[in-house]
Amino acid sequence: MAKSRRDRNSWGGFSEKSSDWSSEEEEPVRKAGPVQVLIVKDDHSFELDEAALNRILLSQAVRDKEVVAVSVAGAFRKGKSFLMDFMLRYMYNQESVDWVGDYNEPLTGFSWRGGSERETTGIQIWSEVFLINKLDGKKVAVLLMDTQGTFDSQSTLRDSATVFALSTMISSIQVYNLSQNVQEDDLQHLQLFTEYGRLAMEETFLKPFQSLIFLVRDWSFPYEFSYGADGGAKFLEKRLKVSGNQHEELQNVRKHIHSCFTNISCFLLPHPGLKVATNPNFDGKLKEIDDEFIKNLKILIPWLLSPERLDIKEINGNKITCRGLLEYFKAYIKIYQGEELPHPKSMLQATAEANNLAAVATAKDTYNKKMEEVCGGDKPFLAPNDLQSKHLQLKEESVKLFRGVKKMGGEEFSRRYLQQLESEIDELYIQYIKHNDSKNIFHAARTPATLFVVIFITYVIAGVTGFIGLDIIASLCNMIMGLTLITLCTWAYIRYSGEYRELGAVIDQVAAALWDQGSTNEALYKLYSAAATHRHLCHQAFPAPKSEPTQQPEKKKI
C-alpha cells in the first residue's frame, strides 16, 4: 500500500510524495530524481531500461491513470535540463504563488551545468510521476522527460534522430528548444526527425503527433515580436507561412510540419543574463538571473504545465495510460534497435549519394542509347564477337563519362558507384546478347531442330531395336519420341499464342542443353551413323543373292 508524506523538497515547497514504486509490494522510500531509461551505448546502439520504466510507470498510484508526457528536445548545450528543473519547481509548488522559490537556492533536479560539452545522454525521466487534477476533475499522471541534445560531437545523426523521434512519439507535449531564432535548418532537422518517427509508427490517417511548442531562447528582437506566447504566435505564423513565391523545398518543409502535429505554438524567452552565460560557477540561483528572464519564466512554465494546458497522450485517437505508455515505449525501441528503418544521413552524404547516382544514371543511359544504335529492335543480327567488341568500347566510354562528372564525396566515396555502374552495364550487355541472338534465324530454330533430331533418332532406334527383338528398348524409344512430339507441338502453340511463356522457357532451356552436348555436325554425324547402322542391319537380315556379284566390287571400291 502506498505511503504519502508531506516533505520539504529541494525546490522550495511542500509536496505529496509517494513511496510506492512497485505494483506488487511496498519498497523502501526512494528519493525522487532523474532516471535514465534510454541508454545510448558506445557502439551507438540503444538499450531500454525496462526495470526502471516499470518502477516509474507501473506504480500502483499511476499505472491506470491517463498520462501527460512532457518532453524537451533540441540542440545540445542550449539549456534544456536547466528549463526542466524550473518545471520541477512548478510541479512541486503549484499551489504557491511564488513557485520559483528562494532566490538564494541553487537549482537542482535534472543534472545540468554550464560549459560546451554535453551533459544529458539518451532519455531521462523524473522518477516521480505527478498526479494533477484537470479542470473537469479528472486526475491525470504527468511525466517529465529530458533528452540528449542533438548534434553533439560524440553522437551520429542516427543517434540524434532516434532520440528526438522517440521522445516525440512518446510525448504528448514536445518542447522544441531553440536558441535565438527559428532558422531554416532547424525546420529541416525537425522535418527529418519527425519523419523518422512517423516511419516507425503504424500507418494512421490522423496527425501522428500532438503538441509542438517552439521555445525560442535568448530572443533578441522584442521590438519586432514581443516576449511570450502572443509574440511567439505572430512570429511562428510568419515563419511557418506557406506562400506561392516560396521555393518548393521550403513549402514542403512547412507542409510536412503542419501535417505531423495537431497543435503548434511558440514562446519567445529573453536571455538569462551574462552572469548565467559566463560564470563557470553558476548554480542556478535566481539572484544571478536577469529579472526580465525570471518575469517571462513565471509566465512560460504555467503556460506549459497548468491543468488546462495538459494534453493527455493519444495514439490513433485512443487515450493512453501509464501502463499503455510502457508498452509503446517497448514497441518503439524494438523498431529502432532493428534494421527495418533506413538510417538517416547527413546533408553532405545524402547530396553526395544523389550526385553519384545521377552520374551513374547518365553514363548508363549513354551506354544504353549507343547500344540501341548498334543492335536495337530494328537492327539486323550482329556477329557475337562484333557485339562484344562494341560493348567493351561503349563501356569504357561510359566509365570515362562517369569519371569526368564533378561529384561530391571524393574518389573513395565514388568508387563503389563506379563498380555499380560497371555491374549494371554488364547486366545490360547480357540482355543485349539475348536480344541479338533472338534475331539469328538459326538460333531461333534451335529448339524445333533439336526436338526434330530427338524424334528422328528415337524413331530410328525404336525401329531397329523392335526389328531385332529388343521390345523394351523399342517401347522406351517410342515413348520418348511421343513425349518429344507432344513437346514440339506444345512449344509451337506457345510461340503462336504467347501463353504459358514460363513453360516455353523451360522447353528452350532443355533444348539448349541438348544442343550444347555437341555441335550441329556432331548431331548430323549421329543421325548419319544411326541411318547407316539401320541400313547395314537390313542388308544382313534380308540378303539379295542376285546382287552379290555386283556388290562385291563395290565393297572393294569402298
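Placement of Cβ uses the backbone N, Cα and C atoms for every residue, glycine included.
The feature GDP binding site is assigned by Swiss-Prot to R77, K78, G79, K80, S81, F82, Q148, R217, D218, V276, N279. When secondary structure is read from DSSP and collapsed to three states, S81 (GDP binding site) falls in the helix class.
Here Swiss-Prot flags S81 as Mg(2+) binding site.
Positions annotated as domain 'GB1/RHD3-type G' by Swiss-Prot: 64-309.
Sequence annotations record features per position, and here Swiss-Prot assigns phosphoserine to S10 (among others) based on a large-scale study or a structure entry.
Annotation source Swiss-Prot lists phosphoserine at S22 (among others).
As annotated by Swiss-Prot, phosphoserine applies to S23 (among others), with the evidence given as a large-scale study or a structure entry.
Here Swiss-Prot flags K395 as N6-acetyllysine. Same-chain residues at least 6 positions away in sequence with a Cβ under 8 Å from that of K395 (N6-acetyllysine) are, in sequence order, Y367, E422, I425, D426, Y429. In the three-state DSSP reading, K395 (N6-acetyllysine) counts as helix.
Residues or ranges marked as region 'N-terminal hypervariable region (HVR)' by Swiss-Prot: 1-34.
Look at Swiss-Prot and you will find 1-28 tagged as region 'Disordered'.
The region '3HB (three-helix bundle) domain' feature in Swiss-Prot is assigned to 347-438.
Feature annotation from Swiss-Prot assigns region 'Linker' to 439-447.
For 521-558, the entry in Swiss-Prot reads region 'Autoinhibitory domain'.
Positions annotated as topological domain 'Cytoplasmic' by Swiss-Prot, on the basis of similarity to another entry: 1-449 (among others). Confidence across the topological domain 'Cytoplasmic' (1-449), taken as the mean pLDDT and rounded to a whole number, stands at 80.
The topological domain 'Cytoplasmic' annotation in Swiss-Prot covers 493-558 (among others) and rests on similarity to another entry.
Per Swiss-Prot, transmembrane segment is recorded for 450-470 (among others).
Annotated transmembrane segment per Swiss-Prot: 472-492 (among others), in sequence order.
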Listed binding-site residues (S81, N279), ranked by Cβ neighbours within 10 Å, top entry: S81
